[in-house]
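Peer 1: First the structure, which I've put down as structure tokens, then a few questions once you've had a look.
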Amino acid sequence: WEFNGSFYQPSAFLMMGIPGLEALHPWISIPFCALYLTALLGNCVILFIIRKTQSLHEPMYYFLSMLAVTDLGLALCTLPTTLGLFWFNVRRIGFDACLTQMYFIHILSFIESSVLLAMAFDRFVAISHPLRHPSILTKTTVLKIGLAIVLRGMVSLLPIPFLLKRLTYCGKTELSHSFCFHPDIMNLACADIKVNVFYGMVILLSTVGMDFIFIVLSYILIIRTVVSLTTRDECLKALNTCVSHICAVLVFFIPMIGLSMIHRFGKDVPPLVNTVVAYTYLIIPPALNPVIYSIKSAHMREALLRALRRKRA
């Protein structure tokens with residue numbers, strides 16, 4: 001679009017795959033397909049098992065259901081453009097379609113961060129106040145927490161597409177990834193992007209940054225409670241209930257922090273490193289989370305085995 005000869009927005013952007021390995025994209029798509037298939041099937045199985053197993057109808061597994069839905073959304077957001085590029089070399093994505101994909105990717109990322117915080121709070125209450133746990137985290141309370149998480153993500157990120165639409169772009173249309181990411185789009189503009197940078201940093205620090213800080217604080221309080229337990233077996237049993245959640249937190253936050261740092265301060269970082277971190281951030285957590293919880297949670301494992309036995313019978 002052109003307006004008064006000065007305002008310009010491209011009709012579309014061109015997505016990039018893995019730099020330097022374009023000829024190998026069909027082969028590279030194989031592990032990506034495996035990861036997407038694991039994410040879709042794994043999270044659907046988690047949701048099915050929790051829905052069908054009455055003993056899993058408790059706060060920990062309600063939050064796990066929220067995490068599974070969020071992971072499904074993240075996988076479905078990037079799957080069409082990523083596999084479309086690797087399989088058919090479809091690099092073009094419309095300007096508005098790109099902003100829409102970016103909005104949902106960021107919303108779902110923020111929701112996942114908040115769900116992980118809610119799960120940390122659930123573990124803290126379950127370990128520190130086990131007798132009050134059912135009365136503190138009732139079904140109604142869990143539902144209210146879920147709605148607050150979704151509303152926080154939607155409202156806080158609502159200005160981002162409009163802040164990008166007001167910018168003038170310089171004719172450069174190549175994105176760094178096979179999906180749309182706010183810093184990536186913003187850096188293609190030839191206008192002043194200070195407002196975008198400032199708002200992006202404020203929102204990131206006040207949501208994901210605060211979530212991470214409160215998760216760390218929750219585990220400090222959990223460790224204090226566990227240390228005060230009388231026997232070693234009680235300590236190990238209490239900590240064992242947190243292992244899956246700690247793994248999920250590390251799998252999500254480490255690549256997310258790495259990608260944010262690269263986009264803001266890593267101008268000299270090789271494009272391949274940027275690409276690998278981005279794919280790790282968006283594809284690995286949805287694929288690994290159901291595997292982590294299926295392996296580490298005895299209740300989930302038993303419910304899954306019961307469901308498989310019933311199916312065979």
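Cβ atoms here come from the backbone N, Cα and C positions, even for glycine.
Annotations per TrEMBL:
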type: TRANSMEM; residues: 24-50; note: transmembrane segment
type: DOMAIN; residues: 42-293; note: domain 'G-protein coupled receptors family 1 profile'
type: TRANSMEM; residues: 62-88; note: transmembrane segment
type: TRANSMEM; residues: 100-121; note: transmembrane segment
type: TRANSMEM; residues: 142-164; note: transmembrane segment
type: TRANSMEM; residues: 197-222; note: transmembrane segment
type: TRANSMEM; residues: 243-264; note: transmembrane segment
type: TRANSMEM; residues: 276-295; note: transmembrane segment
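In terms of burial and nearby residues, how do these features look in this structure?
Peer 2: Long-range contacts of the transmembrane segment (142-164) within its own chain (CB-CB distance under 8 A, at least 6 residues past either end) are made by residues 59, 62-63, 66, 99-100, 102-103, 106-108, 110-111, 114-115, 118, 182, 185-186, 189, 195-196, 199-200, 203, 206-207.
Within the chain carrying the transmembrane segment (276-295), a Cβ under 8 angstroms from the stretch's Cβ atoms is held by residues 32, 35-36, 38-39, 42-43, 45-46, 64, 67-68, 71-72, 74-75, 78, 82, 105, 112, 176-177, 179, 181, 244, 247-248, 251-252, 255-256, 258-259, 262, 301, 304, all 6 or more beyond its ends.
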Peer 1: In terms of Cβ proximity under 8 Å, which residues at least six beyond the ends of the transmembrane segment (62-88) contact it?
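Peer 2: Contacts with the transmembrane segment (62-88): 15, 17, 25-26, 28-29, 32-33, 36, 39-40, 43-44, 46-47, 50-51, 101, 104-105, 108-109, 111-112, 115-116, 118-119, 122, 139, 142, 146, 149, 178-179, 248, 282-283, 285-287, 289-290, 293.
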Peer 1: Six or more residues out from either end of the transmembrane segment (100-121), which same-chain residues have a Cβ under 8 Å from its Cβ atoms?
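Peer 2: Result: 60, 63-64, 66-67, 70-71, 73-74, 77-78, 81, 93, 145, 149-150, 152-154, 156-157, 160-161, 164, 179-182, 185, 207-208, 211-212, 214-215, 218-219, 245, 248-249, 252-253, 256, 282, 285.
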Peer 1: Near the transmembrane segment (243-264), which same-chain residues lie under 8 Å Cβ to Cβ, leaving out any that are not at least 6 residues past its ends?
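Peer 2: Non-local partners: 67, 109, 112-113, 116, 119-120, 123, 181, 183-184, 187, 197, 201, 204, 208, 212, 215, 219, 273-274, 277-278, 280-281, 284-285, 288-289, 292-293, 296-297.
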Peer 1: What residues in the same chain, six or more past the boundaries of the transmembrane segment (197-222), come closer than 8 Å to it by Cβ-Cβ distance?
Peer 2: 109-110, 113-114, 116-117, 120-121, 123-124, 127-128, 152-153, 156-157, 159-160, 163, 182-183, 186, 238, 242, 246, 249, 253, 256, 260, 264
